[in-house]
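Enquirer: I'd like to ask you about the structure that follows.
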Amino acid sequence: MKMLYIIKKEILHNLRDKKSMILMTVFPMLMMVILGTVFASSFQSSGSIPKINVIYSVEKNSDISKQFKVFADDIEKTMNVNFTEVTDEKNALENISNGTCDTYLKFENTNKILFYTNNLRVFNSNLVLSLMNTFVDKSNLISEIATKKPMALSKIDNSVTPNYVEFKSIVAGKEPTGLEYYSITMFTMIILYSIPAGAFTILGEIGRRTYGRLLCSGISKSNILFGKLIGCCAATSFQIFLIYLFSRYILKTNWGNNYFAIIGISLSAVIMAVSVGIGLANMIKNSGVVAIAMHILIPIMVFLGGGYIPLNFIGSNALNAVSIISPIKWTNEALFKMIYGNNLSTIPIAIAINLIIAMVFLITPILWPRKDVI
């Protein structure tokens with residue numbers, strides 16, 4: 001019963017703070033509209049394949065190099081690929097390094113083909129590699145026929161241009177627009193900003209010197225912490241529900257139809273954020289240090305979670321590797337995969353990560369409490 005009073009007190013305290021309620025509700029709504037509009041063009045996808053530039057050099061004219069030139073002419077007629085013969089190998093390698101060309105093919109005297117590429121346009125390089133595999137397979141087949149049954153070569157029709165690649169039109173997978181992307185990431189960002197709400201529910205009691213009185217009243221510390229956790233989570237859930245309604249029905253954001261998954265992911269994230277705040281306030285004596293820690297921690301976690309800009313836009317493998325430490329990364333990934341790919345596999349992972357973090361920050365102050373508030 002005493003814990004119910006604590007829950008009620010926390011809910012009323014948070015809802016009566018109209019300034020914070022309005023700020024934490026209106027701010028993400030404005031950010032959704034502003035960021036979604038500004039970065040709208042960055043999320044526009046195109047189904048067209050850009051022109052592919054391939055350069056090649058031949059050390060000595062051979063049968064395979066002659067076959068390749070015929071092959072290259074056929075490809076240029078049917079695909080958006082440009083083959084250019086060069087003689088300066090050093091300049092060719094520089095063109096590959098700086099991205100001027102996609103692929104450099106070097107035909108050596110030993111009938112060996114060296115394949116040089118870069119990581120700038122991986123799709124282009126992979127397509128050229130597939131074409132070259134087709135060419136090599138065909139050349140090997142002709143060579144095998146010439147060795148074992150040379151008379152059969154006359155029956156091969158070389159007048160017909162083969163279809164090396166068959167194009168089929170497919171419906172592209174759903175992807176979020178700029179407005180949809182920032183509707184979801186601002187939604188999860190504001191959840192993380194409930195860390196201060198959890199922290200100040202403890203710091204406020206300590207500042208008013210009422211935390212020690214609560215402990216002396218016969219309520220266990222675990223009941224106090226869980227009461228404050230439930231109360232703060234209830235108030236935060238009301239805030240994010242308003243944000244969800246705004247994004248879904250005003251901005252027309254696609255949230256999918258799996259409401260239980262959305263509730264599960266969101267609730268676990270809220271529990272995690274409030275627990276982190278409560279845990280920090282119980283473990284760190286100096287309230288100023290707690291505030292600094294939160295102001296540093298939250299933006300970093302949001303950034304690593306792709307809240308400000310998708311990390312794939314930056315293209316850093318190191319940054320993508322580091323991003324796994326952010327719980328928001330897993331939360332956002334679970335939401336996007338569920339909504340736009342109907343993939344539910346990452347939902348249990350995201351929920352588990354959030355709840356494990358929550359347990360760590362709740363159990364730690366119970367096992368090792370602050371001496372100054374006992």
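Glycine is treated like the rest: Cβ placed from N, Cα and C.
As annotated in TrEMBL:
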| type | residues | note |
| --- | --- | --- |
| DOMAIN | 19-363 | domain 'ABC-2 type transporter transmembrane' |
| TRANSMEM | 21-43 | transmembrane segment |
| TRANSMEM | 181-204 | transmembrane segment |
| TRANSMEM | 225-247 | transmembrane segment |
| TRANSMEM | 259-281 | transmembrane segment |
| TRANSMEM | 288-309 | transmembrane segment |
| TRANSMEM | 347-368 | transmembrane segment |
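Thinking about packing and proximity, how do these listed features fit into the structure?
Expert: Within the same chain, residues 14-15, 175-183, 186-187, 189-190, 193, 239, 242-243, 246-247, 251, 309, 313 sit at least 6 positions outside the transmembrane segment (21-43) and bring their C-beta atoms closer than 8 Å to a C-beta of that stretch.
Panel annotation: around the transmembrane segment (259-281), residues 187-188, 191-203, 206, 225, 228-229, 232-233, 236-237, 240, 244, 287, 290, 293-294, 327-328, 331, 334-335, 338, 344, 347, 350-351, 354-355, 357-362, 364-365 of the same chain, lying at least six beyond its termini, place a Cβ under 8 Å from a Cβ of the stretch.
Counting same-chain residues at least six beyond the ends of the transmembrane segment (288-309), those with a Cβ under 8 angstroms from any Cβ of the stretch are 39, 185-186, 188-189, 192-193, 195-196, 199, 203, 277, 280-281, 319, 322-323, 325-329, 331-332.
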Enquirer: Would you mind listing the long-range same-chain contacts of the transmembrane segment (347-368), meaning Cβ under 8 Å and 6+ residues beyond its ends?
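Expert: Answer is 221-222, 225-226, 229, 261, 264-265, 268-269, 271-272, 274-276, 278-280, 282-283, 327, 330-331, 333-334, 338.
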